[in-house]
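Undergrad: Mind having a look at this structure? Questions to follow.
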Amino acid sequence: MQSAAFNFSPSPSLSPLKPRRLFATTTYSLPSRFDPIRAFSSSNDLDSNNVVFPRRSWSLTSASNSSLSRPWNPLPPLVSESKTTRFEVRATAVPESAGQGEGKSSLVRTLELGLLFGLWYLFNIYFNIYNKQVLKVFPNPVTVTAVQFAVGTVLVIFMWTFNLYKKPKISGAQLAMILPLAVVHTLGNLFTNMSLGKVAVSFTHTIKAMEPFFSVVLSAMFLGEMPTIWVVGSLLPIVGGVALASVTEVSFNWAGFWSAMASNLTNQSRNVLSKKVMVKNEASMDNITLFSIITIMSLVLLAPVTIFMEGVRFTPAYLQSAGLNVQQVYTRSLLAALCFHAYQQVSYMILQRVSPVTHSVGNCVKRVVVIVSSVLFFKTPVLPINALGTGVALSGVFLYSRVKGIKPKPKTA
């Protein structure tokens with residue numbers, strides 16, 4: 001055959017094109033001149049005489065040119081050269097897509113968390129505005145809170161009935177574990193409404209800026225998260241700023257103040273206990289199911305208390321007798337309840353993704369947005385010294401969020 005003659009009897013007078021074509025078609029068929037690198041390239045890339053080489057495969061042109069620039073060598077190439085070439089070819093093909101996948105996944109998680117925080121703030125703004133409007137004309141915080149839980153319960157039952165979300169199967173042991181969460185959840189929202197009914201929205205949320213203080217204490221007690229000296233130091237301007245704002249608040253009264261402080265305690269207890277429940281594998285459940293069950297249990301717990309304390313006052317006849325616009329009160333109550341359920345749901349979704357302290361910091365940033373929006377909407381009078389106290393408290397929250405990530409140095413033996 002002509003191809004065999006060329007391989008066993010090389011001649012300097014050969015045309016450069018013929019050895020290149022011959023190498024591409026018959027390289028690994030000759031045992032006397034076996035080249036492992038070229039055989040590897042040929043077995044993966046050569047299907048016919050019309051050869052197409054991927055960009056990440058071995059370059060045939062460079063190999064052909066090098067073989068023409070020096071005499072034919074019957075010995076195989078050195079092992080070190082073969083290994084080096086294989087390493088370079090394989091290394092360029094593997095890590096590129098893996099790095100892009102990790103970057104995209106991290107970006108998606110960041111955008112998702114940012115969207116949840118934005119919705120959390122937006123729903124909370126509208127909740128506070130509509131809720132304050134209702135409490136101004138209908139000062140019955142227990143009834144208002146019960147209505148909010150009732151609307152949430154209707155939404156949960158609607159989702160379960162029409163299979164918008166899978167109805168869970170809850171055991172008695174799980175209900176017993178969720179019961180403390182439902183109790184503190186009920187009390188936290190009840191105390192918040194009591195404070196909003198007594199004082200300005202901005203003052204209520206200024207007091208609630210102390211939530212990092214309660215979060216640090218409760219996390220140390222129940223989760224074993226001991227704060228560093230930097231965290232403790234950052235709590236001082238928070239406490240001092242809230243105290244300064246409270247002394248100079250125009251709408252200050254003790255009922256509104258202590259209701260907001262009690263809301264801090266119960267809400268942070270809920271956050272810490274909720275995190276403790278969700279990290280237990282045997283009794284854990286998704287956040288939507290957990291919040292749905294808590295909402296129903298809160299309605300069951302608060303309904304008899306409402307009838308006992310305030311009676312049945314949310315009827316059209318009672319509202320008309322009080323000289324109120326029934327349609328306006330019902331509409332605003334419904335919107336407030338929907339925003340309440342939405343922001344609480346989003347809050348639980350965020351809590352399952354971050355630590356209780358991080359959740360508390362995000363909650364305090366939310367206070368800034370709510371305070372500013374409520375002052376502008378209700379045209380609340382704010383004294384300069386009062387604004388200074390609020391600013392100091394919020395600055396302490398920012399400092400707290402910065403130093404929280406500082407870890408103490410391990411002690412060396």
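Cβ coordinates are placed from backbone N, Cα and C, and glycine is handled just like the others.
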Undergrad: When you get a sec, could you say which of 22-40, 174-192 is annotated transmembrane segment by TrEMBL?
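TA: Among 22-40, 174-192, the range TrEMBL annotates as transmembrane segment is 174-192.
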Undergrad: Pick from 322-341, 382-401: which stretch is listed in TrEMBL under transmembrane segment?
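TA: So the range that TrEMBL calls transmembrane segment is 382-401.
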Undergrad: Are there residues at least six beyond either end of the transmembrane segment (113-130) with Cβ under 8 Å to its Cβ atoms? List them, or say none.
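TA: Cβ under 8 Å, 6 or more out: 196, 201, 205, 332-333, 335-336, 339-340, 342-343, 346-347, 349-350, 353-354, 362, 366, 369-370, 373-374, 377.
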Undergrad: Mark yes when the transmembrane segment (238-266) and the transmembrane segment (213-232) have three or more Cβ pairs under 8 Å (sequence separation 6 or more) and no when they do not.
TA: yes
Undergrad: Can you see whether the transmembrane segment (382-401) and the transmembrane segment (142-162) are touching - at least 3 CB pairs under 8 angstroms, only pairs 6 or more apart in sequence?
TA: no
Undergrad: Mind checking which residues reach the transmembrane segment (174-192)? Cβ under 8 Å, same chain, six or more beyond either end.
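TA: Answer is 141-142, 145, 148-149, 204, 208, 259-260, 262-263, 266-267, 269-270, 273-274, 277, 283, 285, 290, 293-294, 297-298, 301-302, 340.
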Undergrad: So which residues does the transmembrane segment (142-162) touch in its own chain, when a touch means Cβ under 8 Å and the partner is 6 or more beyond its ends?
TA: 131, 134-135, 186, 189-190, 193, 292, 295-296, 298-299, 302-303, 305-306, 309-310, 313-314, 333-334, 336-338, 340-341, 344
Undergrad: Given the model, what does the mean pLDDT over the domain 'Sugar phosphate transporter' (112-401) come out as?
TA: 88
